[in-house]
C-alpha cells in the first residue's frame with residue numbers, strides 16, 4: 001500500500017506541474033503578463049526572416065508592439081491569406097512580388113490604407129487604392145562568374161543583352177530557373193513578352209534552351225551554382241547576385257535591356273487581429289530606417305529616392321532595365337505564358 | 001475470458017445500466033469519428049475525379065512517386081543493414097564500449113529527423129565544412145544534393161529505429177538454439193546464417209518496413225537536400241501551397257496505400273509469431289556463443305564509424321548554435337540562442353514544449369480510456385472503434401496533417417489556426433501506440449482480480465484506482481515519455497497546421513535551414529533538445545526508478 005501512495009502522490013505532483021505550466025503559458029500567450037495590454041502584431045514575411053526580424057525588433061523598441069512572425073514563400077502566403085479570410089490570422093504581409101499582393105487585393109483579402117509616408121513613392125510602385133505599397137525594386141540581371149569566364153572565354157566582353165546569350169559558345173553554360181515554378185524566371189520572360197511580343201519571346205526561349213545547363217525550381221539557385229563554378233552564367237534578380245558577390249564569390253552583374261523587375265510590396269490583411277498596429281507598422285516601414293536596413297542586407301533598391309543606394313549596390317536607374325514593365329499585365333498573363341512555355345522543346 | 005451473454009441487444013442493455021461507461025464509449029466514438037473518419041472522408045471527397053486524371057496525365061507526379069519508392073527502399077535497406085550490424089555488435093560480440101554505443105544510438109531520438117538534414121548540409125552541403133575542406137585541399141567538388149544525399153541522411157535518421165526494433169528481437173533469441181547448433185558443428189558465419197539471422201529475420205523485415213514507411217512520409221529531409229529529385233511528400237506540400245487541395249489529396253491517398261500495405265504485412269508477420277518468442281527468454285547461466293576476435297575488430301570499427309558520424313552531426317549543430325557564423329567567425333556567442341529560443345517574439349521551443357506535453361497527456365489518457373472500454377466493456381461497434389483508433393498509426397504524418405487541414409479549414413467546423421488542431425494532430429499520431437500497449441497490459445490483468453475486489457465490496461471506481469491503474473503505471477509513463485519525445489520532434493504532421501502564433505521548433509529548424517540561416521536552425525535544434533532533456537529529467541526526478549528513460 002505504501003508503494004501505491006507514493007505513486008499516486010507522484011502523479012499528483014506531475015499533474016500540478018503540468019496544469020500550472022499550461023495555464024501559465026496560455027495566460028502568457030493571451031498577454032496577461034507583461035503589464036498593461038501588451039500589443040502584438042502578427043506578420044507573414046515573404047522576405048528572409050532575418051531581415052524581417054531586424055526591422056521588427058527596431059519597430060518593437062520604438063512602439064512597444066511585440067510581434068509574431070512566420071516566413072513563407074509568396075505562393076504559400078497568398079493561399080494562406082486567402083484561405084483564412086473567414087478568420088484572418090495575420091495582420092501584415094511583408095515583402096513578396098506586388099503581383100501576389102494584387103491577387104489578394106482582387107480576392108478582397110486586403111485592407112486599404114494609404115500611409116502618409118507613401119507620398120513620395122512613384123505611382124507605378126504602389127496600388128492607387130492603397131491596398132499594397134511598394135518597398136523595394138529588384139531588376140533581372142545576368143550574373144557572370146568572372147573566373148570561369150576567363151578560363152573559358154578569356155578577354156571576350158561579357159554578354160550585354162538577352163540576345164547575346166544565344167551565342168552557341170554558351171552551350172550548357174547558362175542557368176535559368178523554370179518560369180513555371182519560379183517568380184524570378186517568370187518576371188524575366190514576362191518582361192520579354194511585353195517588349196518583344198509573345199511569339200518572339202517564345203522563339204527566343206526555344207533558341208536559348210540548348211544553352212541552358214538546367215532549369216531549377218527556385219529563383220536564386222542559378223546564381224548560387226554559377227558562383228560555385230558549376231556553369232558560367234546565371235539569370236536571377238540583381239539583389240541575389242550582389243548578395244552572393246559580397247559573400248566572396250567572383251560575380252559580375254549586368255542588367256540587360258528589356259530586363260523586367262520585381263516590386264517588393266507591403267500590405268495589411270483585412271480583419272486581422274490588430275489592424276491598428278498593422279497601420280503603425282506600415283507607417284514605420286515607409287520611413288527611411290527600415291528601407292535602409294533592408295536594402296543594405298538584400299541589395300535591392302528602395303522605392304524611395306530618400307533611401308540611399310546600399311554600399312556596393314547598383315542604382316536601377318543607371319541600368320537599361322525595362323522601366324515600362326507592367327506587372328499587373330504580367331500577372332494576368334501568367335497561366336497562358338506558363339503553359340505556352342511548357343509546350344516548348 | 002469468461003463466457004458472457006452475447007447479442008447486440010444484451011450489450012446495449014448492459015451499457016445503459018452503466019452510465020459512466022456509456023459516456024466514455026460515446027465520447028470515444030465521437031472523437032474518433034470527428035478526427036479520424038471525417039477527415040478521411042473529406043480527403044477522398046476533395047480528391048475528385050478531375051484531380052486523379054491530372055495526376056495520371058502529368059509525368060512529373062509519376063516520377064515523384066517512382067522517386068519516393070526508390071529512395072525509401074534504398075534508405076530502408078541501408079538503415080536496416082546498418083541497424084542490424086550495429087545491434088549485432090552490441091549483443092553478440094565482445095567489443096568494448098557497448099554502453100557508449102547504445103547511448104549513441106539513443107541520442108538521435110532526441111532530435112527531429114530534419115536535424116540530420118541540417119547537420120548534413122552543415123557538413124556536406126555545397127558550403128559545408130567537409131565539402132569546403134575537400135575543395136581547398138584536393139580541389140574536389142562535393143555535390144550530394146538529390147538522391148545520394150537523401151539516401152545518406154535518411155539512413156542516418158532512421159537507423160536508430162531499425163536498431164531498436166532489431167535489438168528487441170536479438171534480445172529475445174535464446175542462446176539455446178545457437179549452442180545446440182554449435183554442438184552440431186555449425187561455426188562462424190554458418191552459425192550466423194543458419195540460426196541467428198534466421199531467427200532474427202521477422203524482426204529485420206519488420207524493421208525494414210517501419211523505416212520504409214517513415215522514409216516514405218518523410219518531408220523535411222527531401223525538401224532540404226532532395227534538390228531536383230522530387231518526392232511525393234514534397235509535391236503534396238507544393239500543391240497545398242499552390243492552393244490545390246484536390247491534387248494534394250490525390251497524392252495523400254497514394255501516399256497512404258503503401259503504408260496500409262506495409263501495416264497489413266507487418267500484422268501478418270507479427271501474428272505469425274517468430275521463433276524467438278516461442279523459445280522464450282534467455283536461460284540464465286547459458287552464455288551466448290560470441291564472435292571471433294577478427295570479427296570483433298571489424299564490428300568495433302563499424303560501430304565506431306557510425307558513432308563518429310552521429311557525434312559529428314551533433315557537434316556541428318552545437319558549434320553553429322554557439323558561434324557567430326561557424327567557419328567564418330568562430331567567436332563564441334549566446335546571441336542566436338537568445339534571439340530564437342529565449343525571445344518573446346520567437347516562442348517556437350516553448351510552443352513545442354507546451355503543446356507536446358498537453359498532447360502527450362491527452363494521448364495517454366485517451367489511450368487508457370479506449371483500452372479500458374475495448375477490453376472490459378461489451379458494446380456494439382467495438383471493432384470499428386478499435387480499427388479507427390489504430391488507423392492513424394498506419395497513416396503517414398504528412399497525410400494526417402493534410403487531412404486535418406483540408407477537413408477543418410472550411411465547412412461546419414473550423415479549427416484552422418488554433419493550437420487545438422496541432423495538439424489533435426500530435427495526439428492522433430501517438431495515441432495508437434499507447435492504445436496498443438495498454439490493451440495488452442489490460443489483457444494481462446486478469447478480470448478475476450477485479451471481480452474479487454468487487455466481491456470484497458469495492459465499487460468499480462475503487463477497483464480501477466486501486467487495482468488496475470497501479471498495475472498499468474509503468475506502461476502509462478513509458479507511453480507518455482515516448483509520445484512526448486515524438487511530439488517534440490514531429491515535423492511532417494504539423495507543417496500545414498502552424499500559424500505565426502503557433503510556430504513549433506521542428507518547423508522553425510526546417511524553415512531556417514531551408515532559407516540558409518543555419519546558425520538559427522542550429523540554435524533552435526539545440527534549444528529543442530535541451531527542452532526535451534530537461535523535461536525528461538524532471539519526469540525522472542518525480543518517478544525515480546519507476547521509469548526507464550535513460551536506460552539504453
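Cβ atoms here come from the backbone N, Cα and C positions, even for glycine.
TrEMBL entries are annotated by machine, without manual review.
Pulled from TrEMBL:
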- B:21-45: transmembrane segment (TRANSMEM)
- B:65-88: transmembrane segment (TRANSMEM)
- B:65-266: domain 'ABC transmembrane type-1' (DOMAIN)
- B:100-124: transmembrane segment (TRANSMEM)
- B:144-170: transmembrane segment (TRANSMEM)
- B:191-213: transmembrane segment (TRANSMEM)
- B:245-265: transmembrane segment (TRANSMEM)
- B:297-322: transmembrane segment (TRANSMEM)
- B:349-537: domain 'ABC transmembrane type-1' (DOMAIN)
- B:353-375: transmembrane segment (TRANSMEM)
- B:387-407: transmembrane segment (TRANSMEM)
- B:413-428: transmembrane segment (TRANSMEM)
- B:494-513: transmembrane segment (TRANSMEM)
- B:519-543: transmembrane segment (TRANSMEM)
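Contact count against the transmembrane segment (B:144-170) (Cβ pairs under 8 Å) is highest for B:100-124, out of B:100-124, B:353-375, B:387-407, B:413-428. Within the same chain, residues 72-73, 75-77, 79-80, 83-84, 88, 92, 158-159, 161-162, 165-166, 168-170, 173, 177-178, 181-182, 258-259, 262-263, 265-266, 269-270, 272, 274-276, 289, 396 sit at least 6 positions outside the transmembrane segment (B:191-213) and bring their C-beta atoms closer than 8 Å to a C-beta of that stretch. Outside the transmembrane segment (B:100-124), and at least 6 residues removed from its termini, the chain residues within Cβ reach (under 8 Å) are 86, 89-90, 130-131, 142, 144, 149, 152-153, 156-160, 163-164, 214, 218, 220-221, 224-225, 303, 306-307, 310-314, 316-317, 320, 326, 485, 488-491, 505-506, 509-510, 513, 518, 521-522, 525, 528-529, 532-533, 550, 552. Residues 101, 105, 147, 150-151, 154-155, 158-167, 170, 196, 200, 204, 207-209, 211-212, 215-216, 222, 229-233, 254-255, 258, 299, 302-303, 306 of the same chain lie 6+ residues outside the transmembrane segment (B:65-88) yet bring a C-beta within less than 8 angstroms of a C-beta in it.
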